[in-house]
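Structure, as structure tokens:
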Amino acid sequence: AHRTKQDVSFLSSLFGYQGSDSELKVEKDGVSDSESKVDSGLPEVPVPPDDTPEVLNKALSGLSSRWKNWWVRGILTLAMISFFFFIIYLGPMVLMMIVLCVQIKCFHEIITIGYSVYHSYHLPWFRTLSWYFLLCVNYFFYGETVTDYFFTLVQREEPLRILSKYHRFISFALYLTGFCMFVLSLVKKHYRLQFYMFGWTHVTLLIVVTQSHLIIHNLFEGMIWFIVPISCVICNDIMAYMFGFFFGRTPLIKLSPKKTWEGFIGGFFATIVFGILLSYVMAGVRYFVCPVEFNNDSNSFQVDCEPSDLFQLQDYALPSILESVTGWTTVRLYPFQIHSIALSTFASIVGPFGGFFASGFKRAFKIKDFANTIPGHGGIMDRFDCQYLMATFVNVYIASFIRGPNPTKVIQQLLALRVDQQLHIFNSLKAHLTEKGLLPALEEAAA
């Protein structure tokens, strides 16, 4: 019990809570009365400075704060959507760079919160080590991506081939250097705080860097796997806000008191319809459905292929209930539209929990937003808290239900083997095809 009391006292000082010993009295379940009171209500969130552009302030000066916020959010949402379409037009390489920039900004916003606590103790190297670990993790993940998708280029350039061969060892050596630097930075009487901050950095890396890496992998599968999930999350966020603003009456969750059941349910149905319609429009365009591949001849990305069956129109029989309502016996859809329902459902039901998680984090530190980068919207992390959860789901969904064995990657791995190993595999494959009776048929077809 004494140990638990010490922990509560330390966490209270860490999160800026000042109180008497009686307020920190630990109950049987390990939670103090004061903590339970804070959790049951809403913590005092400091009011941030008004970051709305002066032009909008003057134009909306006659409106109430509620409607002023509605217009500010609406105008800047349209601006962000326009920018999103613009970077899609610029191509996959620009999209990858934007994902990297967003990742760095999100990392900066979270680390800054921890640094403000850590810096008050005048302890060294936290921010330096945090950015160093970010560099190490990005080197590891992007190195893996380059090896997977730029194999021919890597094999063609001697320095890249060496870096690729020893990539994981170099990554481990870089991380080990940072680990040793952290151990050397430990200061007596502050070990616990420093280890809390060490964990803070690594959890941030897990949430931000790993998920952005998965987003890029989704992009390589085809831009439609990047655009549709992100658009569904954006649509759900907008429509849930709209339904909640005009019809919201019933609170949904205490972590986000402005969220309502009306907004949650309205956003769900609106996102399902939006996902089906957007998928129908995009599934017929090769630029969106073809995997993003690197052309070694032109040293550039190309998006051109023969669309798979997933993006070919097919007839589907309607259930008897829908047939009686619509009068249709069949409906013509792209198979991807069926998958889009799963993506939209996740974006509407599970995706918002990323936002709830972020709300809980902000309330723990009594802050309204991660930053004030976007007026009316907060920081970049405030806009992408649901996107990262969505990225993981899409990557798992593709691996589980969509992607099969990739012949291109198999060939890449074979070419990396020694000549004698390649010959052994060739003879084994030839014997297998001959045994199955396929090789003669292939030889006759070639003749």
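Every residue, even glycine, has its Cβ placed from backbone N, Cα and C.
Pulled from TrEMBL:
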COMPBIAS  25-38  compositional bias 'Basic and acidic residues'
REGION    25-49  region 'Disordered'
TRANSMEM  70-89  transmembrane segment
TRANSMEM  95-118  transmembrane segment
TRANSMEM  125-142  transmembrane segment
TRANSMEM  169-187  transmembrane segment
TRANSMEM  194-216  transmembrane segment
TRANSMEM  222-247  transmembrane segment
TRANSMEM  268-289  transmembrane segment
TRANSMEM  336-358  transmembrane segment
* Beyond the flanks of the transmembrane segment (125-142) by 6 or more, those residues with Cβ under 8 Å of it -> 100, 103-104, 107, 111, 114-115, 118-119, 167-168, 170-171, 174-175, 178, 181-182, 185, 194, 197, 201-202, 204-205, 209-210, 213
* Is the transmembrane segment (336-358) packed against any residues at least 6 beyond its ends, judged by a Cβ distance under 8 Å, and which are they? -> 224, 228-229, 232-233, 235-237, 240, 253, 255-256, 259, 264, 267-268, 271-272, 274-276, 278-280, 283, 289, 310-311, 370, 381-382, 385-390, 393-394, 397, 401-402
* Asked: So which of 194-216, 222-247, 268-289 has the most C-beta pairs under 8 Å when paired with the transmembrane segment (95-118)?
  -> 194-216
